[in-house]
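So that you can see what the record holds, here are the features copied from TrEMBL:
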| type | residues | note |
| --- | --- | --- |
| TRANSMEM | 25-46 | transmembrane segment |
| TRANSMEM | 66-93 | transmembrane segment |
| DOMAIN | 70-273 | domain 'ABC transmembrane type-1' |
| TRANSMEM | 105-126 | transmembrane segment |
| TRANSMEM | 146-166 | transmembrane segment |
| TRANSMEM | 207-232 | transmembrane segment |
| TRANSMEM | 252-272 | transmembrane segment |
Amino acid sequence: MSSSSINAASAANAARRGSALSRRLLIALGWLFFIGFLLLPLLIVVSQGLKLGFGAFFDAILEPDALSALKLTIIAVVISVPLNVVFGVSAAWCVSKYSFRGKSILVTLIDLPFSVSPVIAGLVYVLMFGAQGFFGEWLQDHDIQIIFALPGIVLATIFVTVPFVARELIPLMQEQGTQEEEAARLLGANGWQMFWHVTVPNIKWGLIYGVVLCTARAMGEFGAVSVVSGHIRGVTNTLPLHVEILYNEYNHVAAFAVATLLLILALFILLLKQWSESRINRLRASAAEE
């Protein structure tokens, strides 16, 4: 074997060893980041919530104000998520199926909640619907309360969760094209039949994924809801706001117990997200093979 061949083989072995070392280092850094910045804080929250035992934990999450906060959180999610589904599907359909003037503006507006602070969004609603707001006098004359009430909380939640369904469906619909819809129309299907029997089956897993993300975001929203809710205990407090109040009152065990409840709900949502994401990836892989 020539010296040049030996040198080439040595260089290749050194490169492989360097690549393996870099890979192990990156994996180790990833695990350190995950443990230090994600797993460890979550474990601390759970341990503090259970610090006085399961009895104190259940007392904290079954306390009337906590149940009221849980109920309000669920109501806000149940109202805002379906409305965002309707908007998201409609917006994705328009953006992916049609060309029209102002299309790029619509796409930009869909992404607006990603770039605007939720606190600013809450302040905008206060300026519009508050007692001194643009519509405040008219709302008072008709005995309609939006700010410091459920409607304001729902509006704030809708704003921060608007992009999730639309942003998940737009690339999915653009990738699928319009051939199947056109074929269904040629076979005599009307718009409603075409939507339910052609479009929905093709986007259902993407839609589920968007709904899961929307639900998780709505459930954990703090900033915008904090501005419009008024922090009325047992009336307009959602779970994140209830955690803040308990912590500010130095009732740390109860605060961490309610935070643990939020964590459990978030983990359940995360499992749904992973499941729907795996289904989407399998469908895309099978579509690519075809």
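Please read every residue number as a count from 1 along the shown chain.
Positions of Cβ are set from backbone N, Cα and C atoms, glycine also.
With Cβ pairs under 8 Å as the measure, the transmembrane segment (105-126) is packed most heavily against 207-232, out of 25-46, 66-93, 207-232, 252-272. Through the fold, the transmembrane segment (207-232) approaches residues 73, 76-77, 80-81, 84-85, 88-89, 117-119, 121-123, 125-126, 147-148, 152-153, 155-157, 159-161, 164-169, 200, 238-241, 244-245, 262, 265-266, 269-270, 272-273, 276-277, 279-280 of its own chain, all at least 6 residues removed from its boundaries and within a Cβ separation under 8 Å. If one looks beyond the transmembrane segment (25-46) by at least 6 residues along the same chain, the residues whose Cβ comes under 8 Å of a Cβ in the stretch are 256, 259-260, 263. Outside the transmembrane segment (66-93), and at least 6 residues removed from its termini, the chain residues within Cβ reach (under 8 Å) are 60, 106, 110, 150, 153-154, 157-158, 161-162, 164-170, 172-173, 199, 203, 207, 210-211, 214-215, 218-219, 225, 234-239, 241-242, 254, 258, 261.
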